[in-house]
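Student: Got a structure for you, questions after.
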């Protein structure tokens, strides 16, 4: 990543804030290189998009006192605390749900599907939020979150659970993206890193609370109700943030600029419903998104299904979608490069190294996480003999460490106006983390090594992940910020989907044969493979079968 992109632009924006003496937290973010004009998309809804952004800026100006900013940031904290705690324990509940269906190995399959859907949802929510506004899409996200949670809680097989996961993750990523965009709208580039870190702060609490919650909830028997309760807990925690947005709207209603904006016509008001739907079809690049989902999904999902108790690589149901996925990939590239009017992956944008380099980093951040942590909870319980409390806390320990380091990073980055040193040092710590995970992978004493790895990972994650996001935002205008932010998180989740498929392929292809070799009983090996969390209740730590397992 060039020095110009990660340092100079950040510095210029920071300097501009100081020179103008702006009293509020918003600055004109067009103090970047002129090449940003080349990134403008052929978007007929840009008039509406500009209108929404200007309204967001005027609303943000209403919270110009430290008291109101504090209330706003605390509301964001409450909201992010809710979805953060839910996310940290729902991944544990999914393990128990798959275990109850005797399909534990399909954790990776469900992860691939949900990560793919999440990646697509980022694109849709980013595009729609620039047309319909942040608050409207935030409310839609909450509804989808509730629907998915209810379906998951009532599912009695893996297919229905996966369907619930689709709605839940669409609602989750929509809520998370809207929170990030709302924070970005209400911050200057100088302080954006600190604001962006607010949603990570609840991890300081959730890391320790999550283990206690899981143990008290007894998920082996009550995972269904444990999921269902979030259908009303999360919406309640969102009310303060919704209240702040409504309050901003009420305060700004008498502003002359706001009244002038109300007189401007949106694309829908000037062209009607049909033309608006047509433009939304192109703006959301529905064909490109479908091609991407079909291509990547057909390649990745078979990798997680072909193994198990018996291999199925010769089955046409596995081979056909695998081949189809590779055939669709060039069509997706051609569509995005030549035919899409508003591509969700703009090639003009991607040619700038200040954009493609952070995108590559984000891909591998989630790739590494999913490869290392996809089955980690089961490994902690089965191979290291951790309790449900300690296993859940260990799973979330890196988030806790990142949240502790985050405020200091935010202030240092704001003062130094440099991001590259943090990114390089954070990336180097990933090597240390993976070395610790490789060294400590089984046995009672391995728990300490994994805890150490999680601590190092948390430090590296904080120094690596968040500055990368701000770095890519620093080379784009406010007009393209939502597009780039969505593309960043889409790439992030695609990396996770690829990793989930690879880790699932390794797990399904190699675990059962090894269990059969060690246990030497096909029935016991199949039970250990299908429902390991139930199996270990009958074969506690120290028994020959558990040792072989």
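Note: Cβ is positioned from N, Cα and C throughout, glycine not excepted.
In TrEMBL, annotation is done automatically, which means it is predicted and not curated.
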Student: With TrEMBL as the source, which of 18-42, 193-217 is set down as transmembrane segment?
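Tutor: Result: 193-217 is the stretch TrEMBL calls transmembrane segment.
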Student: With TrEMBL as the source, identify the stretch among 250-269, 450-469 annotated transmembrane segment.
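Tutor: That would be 450-469, the stretch labelled transmembrane segment in TrEMBL.
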Student: Could you pull out which residues elsewhere in the chain have a CB under 8 Å from any CB of the transmembrane segment (355-383), counting only those six or more residues past its ends?
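Tutor: Residues 1, 91-92, 95, 104, 107-108, 111, 115, 349, 390-392, 394-395, 423, 427, 430, 433-434, 437, 441-443, 446-447, 450, 461, 464-465, 468-469, 471-472, 475-476, 484, 487-489, 491-500, 502-504, 507, 532-533, 536, 549 contact the transmembrane segment (355-383) from elsewhere in the chain.
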Student: Could you check if the transmembrane segment (395-413) is in contact with the transmembrane segment (489-507), meaning 3+ Cβ pairs under 8 Å among residue pairs at least 6 apart in sequence?
Tutor: no
Student: For the transmembrane segment (450-469), could you work out the same-chain residues 6 or more beyond its ends whose Cβ comes under 8 Å from its Cβ atoms?
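Tutor: The answer is 193, 196-197, 200, 358, 361-362, 365, 380, 384, 394, 397-406, 409, 413, 419, 422-423, 425-430, 432-434, 436-437, 440, 485, 488.
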Student: Could you check if the transmembrane segment (66-85) is in contact with the transmembrane segment (318-335), meaning 3+ Cβ pairs under 8 Å among residue pairs at least 6 apart in sequence?
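Tutor: Contact criterion not met.
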